[in-house]
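As written in TrEMBL, here are the features:
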{"type": "TRANSMEM", "residues": "20-37", "note": "transmembrane segment"}
{"type": "TRANSMEM", "residues": "49-67", "note": "transmembrane segment"}
{"type": "TRANSMEM", "residues": "98-117", "note": "transmembrane segment"}
{"type": "TRANSMEM", "residues": "129-150", "note": "transmembrane segment"}
{"type": "TRANSMEM", "residues": "170-188", "note": "transmembrane segment"}
{"type": "TRANSMEM", "residues": "209-229", "note": "transmembrane segment"}
{"type": "TRANSMEM", "residues": "241-265", "note": "transmembrane segment"}
{"type": "REGION", "residues": "301-356", "note": "region 'Disordered'"}
{"type": "COMPBIAS", "residues": "322-356", "note": "compositional bias 'Basic and acidic residues'"}
Amino acid sequence: MKLVVPPTLSVIVSIWMETLFYGVNIAVYALCLYVLFFGRSSGSRSNKILIALSTTLFLTATGHVSVNLRRLIEGYVHPPTKEAMTAYLLDITQPTNVAKQCLVVLANLFSDILILWRVYTVWEKQWKICVIPLFLCLGTFTSGMATAAYENLVIPGQSIFLKNISTWGLAQFSLSLTMNVIATILIASRIWYVTRDVRRFNPEHMQTYWRVIILVIESASFAALAQVVELSFYAAKFPGVYFIADSSVQIISIAPLSIIVLVGLTQRNGSWGTSYPTNQELATIRFNEVQIALGARSKATVSTTSPDTRNDMVGPYSGQPEDVRLFGHEEQVGDDQNKGDILSDPKMQLKSDEEM
């Protein structure tokens, strides 16, 4: 028996579910701004880009829920009869419905751009790594806009499962899911790869890095799960897709923002309590190779003037790599900081006095 869901039910339940996720989105976005404005790398170029992308994504999600609220008024308040109400809700050519589809495409686009920026940053701005995700992003945008265009051309009363619409719709969902999965693999694998020296020389420091990898995978899985359910329902022409279609916009907005929030909070000293000990380990993820000559200390990449000064250095001996670019949070351990540590060392000051 074919399941039939009346539009008067599906629309109101779908919008109600979206408002719940939008409340979560507001909280996540507020925390995102807090992390980006008051984090240790606030004011950096990467942070400014993240703020711009995050704000654009949140505003798009806000626009989507606003259009849906307008749709509620036009669908449930203005129609004089129940028949007119049903006719309005079934008409996918209505301007509010087309606008909603365009906002879905834009939300996907800005979310993918935010993910692309993370991939680009984590991979030390190696643009070749981003080629495949970029094409997937463009493919998602193109198929999404084609879906919106076909929705505007159909006869009022026809459903979203019409062949021309469903072909482009399935392409949109499939490409978006593929983009999400590939980007997550690229980010997680890169973090795992660049911490190979830490795993070898200071395995106790890997606890933090594993937490970061898990955070990335869990946050991306949240959006991927919603995309899998939506794609499955749509491919099977199951009416349940009506209930989750609107919520997916908020979910694809929450997922990338939550990674920024969780990683940013982990970077703050003790912000997650005793179960997440912090000794600025997150500020030690390195994305450039350090060559270590184990058999010849004279050729080591860190200064070996005095064995006691190694604790003041950054690198494989301390488990604190030099350059950090994690999801746009740039932390530089530069020469000035090293000089300050050395000058503050009593042994180095004594040596300096003797030379004078």
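In case you wondered, yes, glycine gets a Cβ from its N, Cα and C as well.
TrEMBL entries are annotated by machine, without manual review.
Proximity of the transmembrane segment (20-37) to the transmembrane segment (170-188) is not established, fewer than 3 Cβ-Cβ distances being under 8 Å for residue pairs spaced 6 or more apart.
Sequence-distant neighbours of the transmembrane segment (241-265) (same chain, 6+ residues past either end, Cβ-Cβ under 8 Å): 5, 7, 10-11, 13-15, 17-18, 20-22, 24-25, 28-29, 31-32, 35-36, 39, 50, 54, 57-58, 60-61, 64-65, 68, 100, 103-104, 107-108, 111, 114-115, 118, 176, 212, 215-216, 219-220, 222-223, 226-227, 229-230, 233-234, 271-272, 282, 326-329.
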